[in-house]
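Engineer: Pasting in a structure now, in C-alpha cells, and then I'll have a few things to ask.
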Ligand SMILES: Nc1ncnc2c1ncn2[C@@H]1O[C@H](COP(=O)(O)OP(=O)(O)OP(=O)(O)O)[C@@H](O)[C@H]1O
Ligand SMILES: Nc1ncnc2c1ncn2[C@@H]1O[C@H](COP(=O)(O)OP(=O)(O)OP(=O)(O)O)[C@@H](O)[C@H]1O
Ligand SMILES: [Mg+2]
Ligand SMILES: [Mg+2]
C-alpha cells in the first residue's frame, strides 16, 4: 500500500510540473499586462501540432524540434499581440476576457479547419518509455517534461530578476506610462511578454505531445487547471506558478486516489478556494 | 468631555511601526491639525480612526465609545467621515451623484438625497459641476467634492487628508473658508496638512507626529516655536 | 425530378467532431450510392442508382447541421431543418443527450427521426411515435459482456470472477456503470471497484492506482479516444496488467487507437457492432468498405457503418412509402423488415418494435491481435479464438 | 505680451447623455418592447420564432448578469451555477414531486439566491481577476456535484415529460407561448434592473464598482450590497435556467452548468455595453444572430468554418468596440455634442 | 534648447491647451505656473510624449520631436517627473532608481548615479530595499525626482514636485532643483505655488484655461499686480 502511495505522489509531482509549465506562460502574460489569456490552452495546442507535424512530415524528434517550436510560438505570440491584443491594452477587463475568449474559439476553429478534428499522437520518440526506481515507475516523457518545467521556470526567473530587459518588463507591468518615461517601449515589452508566454506554452506543448493526444480542443483539458495554478501561485508570480503547479498535481492525483477520481478536480478546486480565503492574493502573490 | 480621544495607539506593518503610542484628543467644535514630515504616520492614524486599519494596540474613543477595530462603514455610522489623500472619486457618476452616495446613509430616498447633495455641492462651491461627470473635474476639485461627499453622511467628525495640497494661495483661502463653515455647522475637523498657511490660522490645536511618535501637541502658536518641531518638520526659514 | 431532403444533425465541431466527420463521410457515401449507383455492390439495396425507384427516381439530398455537442443547439437545428429546410426526416445525432432534445422536436412536428448510433437505453423508453433507433443500445451491450463471461466459462472453461468498472463520467459511461453494477450483482460477480473519471482529464494516475489496488481480473472500460490512449499508457507505465480489458467501443475502436499504441494495444477486447473481418460471413461488408476506403482512405468503424445503415434504412422506408409524407414514411418504418444480408452490420436484420427500437440489433466483441480487430464473440461469428489472459506488460516482447 | 489676466475658468467638460437623451433612450426601449410583443404575429416560422426566443433568453441572462457584473462591477464567470440551480430545482420539483412548474421556478430562483449569498459571503473578499477565477471554480465544483449526484440524474441528466401540454404544466407545442414567457421574463428582469438603477441601490452598486474604499467611508457595507446584487442577479439567472429546462425539456450538467455558458452571459453584456440597462439586450440580439447565422450557413461544412467566423466577429467587436455597442453609441453622441458645444463657443483662442 | 510652438492638445475632443508657445534656453530654469486644471500637466505630458498634440511643434535641440514616441525622447535628454509620482510601487526603491537609468548603458556609471541619489536623499538609502509603494507620499516624491534624474537628462520636466511634501523638505526639493539646474540641466518646472517657483525661476509663464496669458522673468511676474491679485490672494 505504501508503495502505491509513493508512486501516486511521484506521478502527482510529475504531472504537477507540467501544470506549472503550462501556467508559467499564462502568469507571465498576466503579470505584465493584467490580461487573463483564455486562449493560452490554444497556444499549447499549436505547440503540440507543431511538434506533431515536424515529427510526421520530417521525422524530427520532438525534443530536437523543441527550440524551433518555441521560436515559432514566440513569433505567434508576438503576432497575436500586434494584431489583436495591442488594440485592447486599455480596454476594460471584461472586454479583454471577451477578446481572448474569441481567440480561443478562433484558434480551435483554425486547427480544425486545417488539421481536421482527429485525435493524433506521436509514436516513438527519444523520450518514450519508462523506467523504475526502487519499484516506483517513472515515465520518461513525464520526467523530461518535469525537468523542462524546472529549467524554464529558472530561466524566466533569472531573466526577470537579473537582466535589464527583465527589469523593463517588470516596470512595464507596474505602470506602463511611467515605464515609457524611463525610455522603455511598452509596446515592445507587451509583445515580448506575449512572445515569452506563448513560447512557454509551446515548450509545454512539445513536451506534452510526447505522451498526450493532440486534437483541436486539447487546450480545454488544461486551461482550467492552468488558471487555478496561476491564481493559486499568485497572478504574475513565476515561482508561485511552479509551487502551485506541483501542489495541484499532487493534490489532484492523491485526492483522486484517496477520495474518488470523480472528485479529483473538485478536490483541487475546493482547496484552491480555501487557500484564497486565507491568502486572497495567492500563495506568492503580492498583496 | 472630548469628542475624539486617541489613547496609546500603535500601528505596525510587519517591521515598520507607523504609529507608536500616540495619544491626543479633540473636543466638539474644534479644528485640530495633524502635521508631521512625510511618512510620520498621519495617514495611518486617519486609517485607524476611520476603521480602515485596526490599531495594533490602543483605543480610540468617540464620545466615550471605543471604536478601535470597527469597520469603516460602522465608523461612518458612528459619525466619522473622511477624505482620502488621493481623491477616490466615483468616476462613473456626476458630481451630484457622488455626493448622493453619502447622503443615502441616513435617508434612502432618492429625491431627498438629491436635494441634500445639491445643497452640499453649493456649500463647497462646486454647484456648477452638479451634472458634470466627476471624472472631468480637476484633482483639487475632486478633493473638494470628496469633502462634500463626506459631509453628506452628517458626521460629527470630519477627517481631511491634504485637501489643500496643490492649491494656490487664493484657492487655499477659499478652502479655509469652507473648513470654517464646516466647523460652524458643528462638525469637528481633524486635518492632515502640509500647507501650514492653511491650517495654522484656523486650528484650535496642532498635533505633530514624527517617525510615528507624537512629538508635540499644542496651540499653533506654541507649535511653531517648539524647537523639536522646527528641527523635525518646519526647518528654519 | 423530385428531390428528397433529409436533415442530418451531427457534432461537426467541438469535442466529438472527429466522430462527426467520419459519420458525415458515411452518409455521403450512402447518398452517392443511392443517387448514382455503385456497380461493385450489386447486393446492396439501391446499388443500381438513379434515386428511389418508387418515387420515380427521386434523389436524396442531405442537409447537414452541426450541433456542437450542445443539446440546445441540436434542438434549434432540428427545428430549423424541419421548418426552414422542410426536410422529410432527420438522421442524427450521435451524442445521446443531443439526440434526446433533437428527437423531441421531431416528435412535435411529426417528422421521423432515425437514430443510427446513440446508445443510451432511455432514448427508446419515451414512448415516442416518430423515433426509430437502428442500433442496439447499452443495455444490450452490457448484457453482452455478461453473456460473454458466461459462455467463456461454459464453452472455454475460463472462469471470470473479479470485475472492475472504469467508465467516463458522462451520460454514456454513467448508464454503463449503473448497468454493470446491477448485472454484476444479479449474476454473482464480484465487482471490486466502480470508477467514474471526469471527462477532459489530464491524467488518469489515481484511477489506475485504484484499479491496481483492487486487482480485478477484468476491467470493463468506457472511454473516448484520448482517454483510452492515456489509460493504456498509464496501465503500462504503472505496470497494471489485468487478465482482460473489456472495452465498451468508442475510443478503443477508433482508427487512431491501434495506430498510436502499436503493440501496446494488443489483446484489448472491445465491444463493437461492426468489424471488417466479418466480411467472411457477409461479403457486402468488404465491398461497401472498399467504396468507403476509396473515398476517405479509412475503413468503416462501428460508428460510420451504423450511420450508413441508418440512412439506408430510412431510404428503404421512404421508397416503400412511395411518398415523402412523414406519416407515410413513419408507417413504412414501422413495417421495416430488412434481412441481415442486405445490410453491412452483423445483425439479423432491421425491424422495429413499438418503441422504435431495432429488435435485431446486436453487438460483437473483437480483440486486437496482430494489429487488427478480430471478431471473437459471438463464438459462431468468431474469426479468432480469444486470447486469455492478456500477457503481463513485462512479459511481452 | 498679453496682460489680460482672467480669473481661471476650467475648460467646460461635457456631460454624458444628459436628461433629455436618456429619456429618449427609455422611449426607444419602450417602443422596442412594444414591437417585441407583436413579433410572433408576423414571424410565423417556428424556427424563426425559436431564434427570437433564443435572443430573448440570452438577453434575459445578460440583463440578469449585468446587475452584479455590470452595475456592481463584480465580474462573475460562474453564473451558470445559478442557471443550473434554477433549471435543476424546477425540474426536480416538477418532474419528481409534481409541484407546479411556476412555483418550482420561483423556488429555483430563491434557492439560487440563497446559494449566491453563501458563495458571495466567502468570495467577495477577493478582487478583480481573483474573484472571477473563484467564481469559475465554484461553478465547476457545483457542476461536478451535479454530475455525480444520483438523485439529480447525475451525468445522465433529467427529462421533463412532454405528454401533457398547457399553461398549468408550462409545456407547449407552439413556440408562441414560450416567446411571450421569455419576453415576460426579460421585461421583469429589466424592470428589476430599472428599479435598482433608480434607487439608492444603483448608486451604491456603482460606488462599490468605482471606489470600494471610498464607498465604505460613506457607510456602505460592501459585503451586504454586493450580496444583494449577487442574490438579485442569481435569482433572475435561475428563472432563466428554469425556463430553459421547460423549453428544451431536457437538462444535463454539461448544458446548464458549464463555464462556457457562464462566459456567454458575460459576453452578452460586454458586447452590448456593460453596466447599461439595454446593452445586454442589444448584445444578445447580435450574439445570437451571429451564432445561429454562422451555424446555419456554415455549420454543415464540418470544417469549423462557423466557429472561425463567429470567433472572428467576436474579436472584431471586442477590439473595435471595447465598451460595447452602447459604449460606442455614447461616445458617438458625446463626440457630436462636444463638436456642437465647441462650435457654439467658438474656437478656444 | 526647447521650443514649443502653437501647441494644441485635447482629450477626447475636448480642448485642454491651445496656442501654447514656450521656450527653455540651455541651462535655464523656467517655471510654468497657473491654477488648477489650466493645462500645466497637459503641456508637460505633451512635451514628454505622453499626449500627442493635435497640432503644433515641439523642437528639442533643433529636432522636431512632436511625433517621436515618449520612450524615444528619453535618450534625447528629456525626462519627466510626472504628476502624482508614478513610482513603481511593487519594486524596491533601488530598482526604481536603476530603472530611471534604463536608457544609459554604462553599468558602472549607473551605480555611481544611484549612490549620488542616496547622498541627495538619505531617506531613500535607508529604504533602498523597501517596496516603493509602502513608503509615505513624500518619500515617494523624493524617489520620483531621484528616478527622473537618473536618466541624466539635458532637460528635466518637473510636474509639481513639492506636492504633498513637508515644508521643511519643500525648500530642500527646490534647492535640489536649483542645484541640478546649476550643474547645467535645464529645468521646466510646473508649480501651483507661484511665489516659490517664480522665486527660483529665470523665466516664467502663466497658463490659464489652456493658454499662456503672461510671461516674463520670475521677478517681473512676482511683482505684477494682476498676478498678485489673482494668485497670491493679496
Ligand atoms: N485624462 C484626461 N481626460 C480628460 N480631460 C482631462 C484629462 N486630463 C486633464 N484633463 C482636462 O484638461 C484640463 C487641463 O488639465 P491639466 O491636468 O493639464 O491641468 P493642471 O494645470 O495640471 O491642473 P492641476 O493643478 O490640477 O494639476 C483640465 O480641464 C482637465 O479637466
Ligand atoms: N500598508 C502599508 N504597509 C507597509 N508600510 C506602510 C503601509 N502604509 C504605510 N506604511 C508606512 O508607514 C509609514 C507612515 O505612512 P503614512 O502614509 O501614514 O505617512 P504620512 O504621514 O501620511 O506621510 P505623507 O505626508 O507623506 O502622506 C511610512 O513609512 C509608510 O512607508
Ligand atoms: Mg499621508
Ligand atoms: Mg497638473
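Using N, Cα and C of the backbone, Cβ positions are placed for all residues, glycine too.
Residues or ranges marked as transmembrane segment in TrEMBL: D:24-43, D:49-68, D:105-124, D:131-158, D:178-196, D:227-245, D:265-287, D:307-329.
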Engineer: Please work out whether the transmembrane segment (D:105-124) lies in contact with the transmembrane segment (D:49-68), by counting C-beta pairs under 8 angstroms that are 6 or more apart in sequence and asking whether there are at least 3.
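Structural biologist: Result for the transmembrane segment (D:105-124) with the transmembrane segment (D:49-68) is no.
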Engineer: Of the stretches D:178-196, D:227-245, D:307-329, which racks up the most C-beta pairs under 8 Å with the transmembrane segment (D:24-43)?
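Structural biologist: Ranked by Cβ pairs under 8 Å, first place goes to D:178-196.
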Engineer: Quick test of the contact rule: Cβ under 8 Å, at least six residues beyond the ends. What residues does that give for the transmembrane segment (D:131-158)?
Structural biologist: 74-81, 84-85, 88, 91-92, 95, 119, 123-124, 245, 250-255, 257-259, 262
Engineer: Can you name the far-off residues of the same chain, 6+ from the ends of the transmembrane segment (D:265-287), with a Cβ under 8 Å from a Cβ of it?
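Structural biologist: For the transmembrane segment (D:265-287), the far contacts come to 25, 29, 32, 55-66, 69-71, 73, 75-77, 79-80, 83, 186, 190, 193-194, 197, 206, 209, 237, 314, 317-318, 323-330.
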Engineer: Who are the chain neighbours of the transmembrane segment (D:227-245) in space, where the CB to CB distance is under 8 Å and they lie at least 6 residues beyond its ends?
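Structural biologist: Contacts of the transmembrane segment (D:227-245) (Cβ under 8 Å, skipping residues fewer than 6 from its ends): 57, 60-61, 63-69, 71-72, 74, 76, 79, 82-91, 101, 104-106, 108-117, 119-121, 124, 158, 160, 181-182, 185, 188-189, 192, 196, 201, 205, 251, 256, 265.
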Engineer: Near the transmembrane segment (D:178-196), which residues from the same chain, at least 6 beyond its ends, have a CB less than 8 A from one of its CBs?
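Structural biologist: For the transmembrane segment (D:178-196), the sequence-distant neighbours (Cβ-Cβ under 8 Å, at least 6 residues beyond its ends) are 29, 33, 36-37, 39-40, 49, 52-53, 56-57, 59-60, 63-64, 66-67, 71, 170, 172, 202, 205, 229, 232, 236, 239-240, 243, 247, 277-278, 281.
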